[in-house]
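A.B. asks: Please find one structure pasted underneath; my questions will follow.
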Amino acid sequence: MNRGHRHGASSGCLGTMEVKSKFGAEFRRFSLERSKPGKFEEFYGLLQHVHKIPNVDVLVGYADIHGDLLPINNDDNYHKAVSTANPLLRIFIQKKEEADYSAFGTDTLIRKKNMLSNVLRPDNHRKKPHIVISMPQDFRPVSSIIDVDILPETHRRVRLYKYGTEKPLGFYIRDGSSVRVTPHGLEKVPGIFISRLVPGGLAQSTGLLAVNDEVLEVNGIEVSGKSLDQVTDMMIANSRNLIITVRPANQRNNVVRNSRTSGSSSQSTDNSLLGFPQQVEASFEPEDQDSDEDDIIIEDSGEPQQIPKATPAQSLESLTQIELSFESGQNGFSPPQDTSLVPVPGSLDTELESRAPDQKLLEEDGTIITL
């Protein structure tokens, strides 16, 4: 009688949500304002107070409408739990040192005899679950590869998510030049390249960007014909959600796709012949290590700081390496075994060398910028 009266009162008041929590063999019932549920820390303290366990670290879970037992450990999933309560919010509490993390997941409340029974009727003699290091408290993606189906195999489009943290994007860019092989011959064009990655930065942690990758687009805008300062401003303006299209210097890590059919999400039709002119492009990598003395470093504030430039002991001539090799059956670029080095016009010395396949040269001109 009392239970029916309490249920009728709770259903009659639209702004009140009834909560039924279980800890061990104890059940507690209380009400919350649905429109003002508060924060998770407040709800966590309320559960400790109701069950009289103020100094016990517990793991909180709730039953959703799909029969899943899901954790509550931050404000987002706490508000999600409140929104799905119809009309009762069922809470399950476990001690962290005795928690069964395998009980969380899809259809866990439907499989009552195996999963949920371990939570409702804990047995000290049952087999202990495997040790779990921790459960994620607040996790978000940091990077992703997008538009795989519409880009050539030699290109990669990377999205970096910053989420307002103080962690920098963490890569340096510089201007340089690359040589494109077109039906009209060799064409040398300026380009923007990644010169180095900051250790511990966002770009290095993703593993999707590397030194000497050529930057082709920034958030859908081509960088061709733009200066280094303009590209830097574009990246700073979109640093919160940066989408950068690059031509990786190491083409071996690219996804190999079938040129005729698309077998799965990782294999898709090669559209390089449809949407892009057929051409082979060779990038140039630095013959010598970059000097930190002539770098322009730009942080998130966007204010450049010029580092004093040291006078070089001698002037080194840049050499342009042209690699022309096609792999049979693939529309891409592969480094040959022997490569001739063509001197840049205006250089004093002409030098021909044989380089290993993994070694490339890059023309080093311009300043270097970090985001």
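Glycine is no exception: its Cβ is also placed from the backbone N, Cα and C atoms.
Annotation source Swiss-Prot lists phosphoserine at Ser10, Ser11, citing a large-scale study or a structure entry. Look at Swiss-Prot and you will find 157-250 tagged as domain 'PDZ', backed by sequence analysis. Residues or ranges marked as region 'Disordered' in Swiss-Prot: 253-273, 326-371. Among the features that Swiss-Prot reports, compositional bias 'Polar residues' is placed at 326-340. Under the heading compositional bias 'Basic and acidic residues', Swiss-Prot lists 352-363.
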A.B. asks: Taking all residues of the domain 'PDZ' (157-250) together, what is their mean pLDDT?
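C.D. replies: The average pLDDT of the model in the domain 'PDZ' (157-250) works out to 88.
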A.B. asks: What is the number of residues in the domain 'PDZ' (157-250) that are helix, strand and coil, as DSSP sees it?
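C.D. replies: Split into helix, strand and coil, the domain 'PDZ' (157-250) gives 15 helix, 44 strand, 35 coil.
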